[in-house]
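As given in TrEMBL:
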type: SIGNAL; residues: 1-18; note: signal peptide
type: DOMAIN; residues: 18-120; note: domain 'Gnk2-homologous'
type: DOMAIN; residues: 128-236; note: domain 'Gnk2-homologous'
type: COMPBIAS; residues: 245-256; note: compositional bias 'Low complexity'
type: REGION; residues: 245-272; note: region 'Disordered'
type: TRANSMEM; residues: 282-303; note: transmembrane segment
type: DOMAIN; residues: 341-616; note: domain 'Protein kinase'
type: BINDING; residues: K369; note: ATP binding site
Amino acid sequence: MALLLLILLSLFASPSAADPFYYICGSENFIRNSNYSSNLNHLISTLSSNALATGFATSSTGIVPDRVYGLTLCRGDTDIATCRSCISTAISNTQQLCSNKKEATIWYDYCQLRYSNQDFLFRPDVTTSVQQLFVNSQNVSADRLQRFENLNTELMGNLSALAVRNTSRLFATGEAAFTDADNIYGLVQCTLDLSVGECQTCLQHTVDFSKIYLQGGKGGRALGMWCNIRYEFYKFYNGRPMLQLPSDQSPSSPSPTNASKPNVTHPPADLSHGGSNIVRTIMLITLPLLVALVLITTACLYFRRRRSKMKIPREDNPEQLINVESLFFDLSTLEVATSNFSEHNKLGEGGFGSVYLGLLPDGREIAVKRLSTRSRQGINELKNEMILVAKLQHKNLVRLYGVCVEDQEKLLVYEYVPNKSLDTILFDPIKSKLLGWGKRYEIIEGIVRGLLYLHEDSQLKIIHRDLKASNILLDADMNPKISDFGLARLFGVDETHQMTNCVVGTYGYMSPEYLKHGHFSIKSDVFSFGVLILEIITGRSRDGFFDDELCKNLLSYVWENWNKGTILEIVDPALGKLFQNSEVIRSIQIGLLCVQDDPAQRPSMTEVLVMLNSYSMSLKAPSSPAFFVGRSSINNGPLSRDFDIHGGGTRKSSRKFMSMSPNQVSISELESR
């Protein structure tokens, strides 16, 4: 679509909610009641419903040449009701304004909608994003123009950098102090199907365009297909700004007080003035000492009060006590870091509570997990995770900075990992294309190295007990980091297994001996890893196959194709044919070896690492996996477990097979530990 650089001069009078800010209609028509018309109606309905969860959705429907592609995006500061209303209005108006057109794009203040018969979702050219620019007809005064342009460029640059760090929303708002009376308010946003690099490029090009065509206007915006920016001299977005630039301006002219102040000639100093100088000298020496004394006293009282408030039980090991004390954060520090736990900083949420993006005074970006009030996880459980993770240092483990237990708040502070968890990309039909086979293989190997460190190479021997795709975080380079050690257990050097009466974890990742008898060991983690490696290869989650009639799950699906000799049919279609058959088949075989019913037959992580890196090593033939339909010792055993998501425990069941929704499978996400 040709780039339109028509500058519309206006005072930005607010249009009615039903009026679009701008729209573009394609030139090609479709026939009413045709296949394309039917596909378009289905697409619009899908976009409307799917966008409400995250404010963004993409979809495609039909078969070429009647296939239609669509995208809708709500502004990052809107609530669900506003998003729903805006999308509904956009759909209605687009069908009127671009009636029978195969392609249309429409922008409102709070949302945008686009559909086309061309696949614009695949490899978007973000450098051609800008479609329209608007500038306020009122200009900044000439004497302040240079400062305004510098400050606005700085604001937009900082907002762009913040948006690409905010990978869950690719959105940022902020303000900069321009004069004593005026602030500049800004907003940037990308569509959520862009990678971090694509979003950064799109925003950079859009900001560059705005500097050329929006010079000096007291407000402006650039509407794009993939990203949008806006600035005003009034606050136009909802909520608190995510970024604030302080004023660094120097006065351009003398203040009225100084300008009108008379030139006074002072008489020579006499004895009385000398006395005043002595008193002033004494005051200059004693006042700072007095202030310092007050500050020290206040600090001592504060820390004594905070220690008594937390009521930390004594530890038998003094070294552990020191580690725990040094890892506590002040609640006030985390409130400032997360903008008081604002919605703008929220990265996600689950049954445990919410996770917020924060920035510490030393510049470290953090992810703060705020446990919900209904969570029964207490100080001892938090300390368990702290003591374990604080001693673990490995590039494939997420780092825990500390916790805060204060004023009924229970907070865990982790390093911020920008690309969220593996499941959000792997199981997304669009984002999964970012994970080619080479990158997936690197992720598999990184997880292996992280587990190997936990099991054998660290000073401690630790069983994770909750390894799953949502607990694998990806850094800026898509390197994996194992996270969430709340369920982890410490083993003695010669200890091979432990037992528990409280089975917790995520169904589908739990080994049969753990689920049935409460036995867990390093081989329990190996089983979870086996499920995970098969998910990475197939691009399908372990619970995505449940069928009451076919009784299929991921393991039975893979095993069936392994025996039929059609194993390559399970490979994620997002990979296309860009992989080596032998490497993929070998990885599948390793996964099947890890999920065997008998824990003694499963390899250790040392053996898995050798298997991945030594192609001369022949692999054993795997036996049928645990939970394979018709054979599983769990399904046919005397005790089949049903998960009670409200009680956090288990109950006996006479059913041979579990039927549950995807939202019902994870105790660790829905209940306290």
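Yeah, the Cβs are placed from backbone N, Cα and C, and that goes for glycine too.
Across the domain 'Gnk2-homologous' (128-236), DSSP classifies residues as 43 helix, 36 strand, 30 coil. The 10 Å shell around the Cβ of K369 (ATP binding site) contains 23 further Cβ atoms across the protein chains shown.
Look at the residue listed as 'ATP binding site': DSSP puts it in a strand.
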